[in-house]
Amino acid sequence: MNWGIFEGLLSGANKYSTAFGRVWLSLVFIFRVLVYLVTAERVWSDDHKDFDCDTRQPGCSNVCFDEFFPVSHVRLWALQLILVTCPSLLVVMHVAYRQAREKKHQEAIGKDGGRLYLDPGKKRGGLWWTYVCSLVFKAGVDATFLYVFHSIYPRYTLPQVVKCQVAPCPNVVDCFISKPEEKNIFTLFMVITALVCIILNLVELAYLVSKRCRECLEARKARSESLDHRLDWVTSSSKQGDLLSGDLIFLDSDVPPPLLPDHPQDHVKKTML
């Protein structure tokens with residue numbers, strides 16, 4: 001498998017990732033992909049031919065190997081690395097789709113006709129949801145594979161001797177695994193790096209969600225302050241208009257406004273009489 005293709009594609013994801021995403025990509029390529037390519041495949045290359053059982057019954061060693069190794073470590077790791085890196089490719093494809101739409105819009109409308117996206121690579125709208133879903137998917141894939149490894153190989157370790165009693169084995173036979181300690185070291189290393197990647201994905205997810213919530217609160221607060229300022233301005237304008245209309249109501253009239261009497265009570269009495 002040519003992992004260089006994935007490396008070339010995912011290198012573009014650094015431009016659209018946060019600091020946590022860049023650390024995650026570095027961790028995946030340096031501590032997972034390179035370790036897988038350089039050491040893991042070589043360590044597990046001789047696991048079948050060096051799986052010896054203390055019997056010469058034909059087919060016994062094969063069925064015992066299949067019983068204890070239903071799925072090879074390296075094949076599970078290869079599938080895990082492919083699935084965990086696909087969401088980053090989807091993010092890159094989404095950005096390329098937005099750039100293509102922006103280019104078509106500029107060709108159809110012109111540069112003075114506005115833009116669909118101020119920055120196609122900025123995590124807003126659908127791209128934000130794509131990025132968040134990719135983080136959830138990557139963390140879920142790593143967690144699922146850790147569970148599968150633990151269910152197949154308890155405590156992620158391999159014993160030195162395996163007890164096997166599967167037909168056509170004549171009885172309980174002892175089978176010996178090649179380099180169990182070396183395989184345990186690499187298995188634990190891959191498990192620890194997967195756990196670190198899960199933590200980084202969850203931290204980045206919390207960072208993006210908290211940042212989005214903070215931006216929404218700030219935007220709501222700004223709209224509320226703008227509305228209050230507009231209401232104050234309208235109220236003050238109406239008050240000023242009332243005062244001006246009261247002052248100017250008699251400017252064009254020769255009759256002065258009626259004056260209140262000095263003694264309102266006498267005025268009321270005269271009116272009643």
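Each residue, glycine too, has its Cβ placed from N, Cα and C.
The annotation transmembrane segment is assigned in TrEMBL to 20-39 (among others).
If one looks beyond the domain 'Connexin N-terminal' (42-75) by at least 6 residues along the same chain, the residues whose Cβ comes under 8 Å of a Cβ in the stretch are 36, 152, 162, 164, 166-170, 173-179, 182-183, 186-187. If you look up TrEMBL, you'll see 42-75 marked as domain 'Connexin N-terminal'.
TrEMBL lists 77-97 (among others) with the feature transmembrane segment.
If you look up TrEMBL, you'll see 128-149 (among others) marked as transmembrane segment.
Among the features that TrEMBL reports, domain 'Connexin cysteine-rich' is placed at 141-208.
The transmembrane segment annotation in TrEMBL covers 185-210 (among others).
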DSSP helix/strand/coil residue counts for the domain 'Connexin N-terminal' (42-75): 14 helix, 2 strand, 18 coil
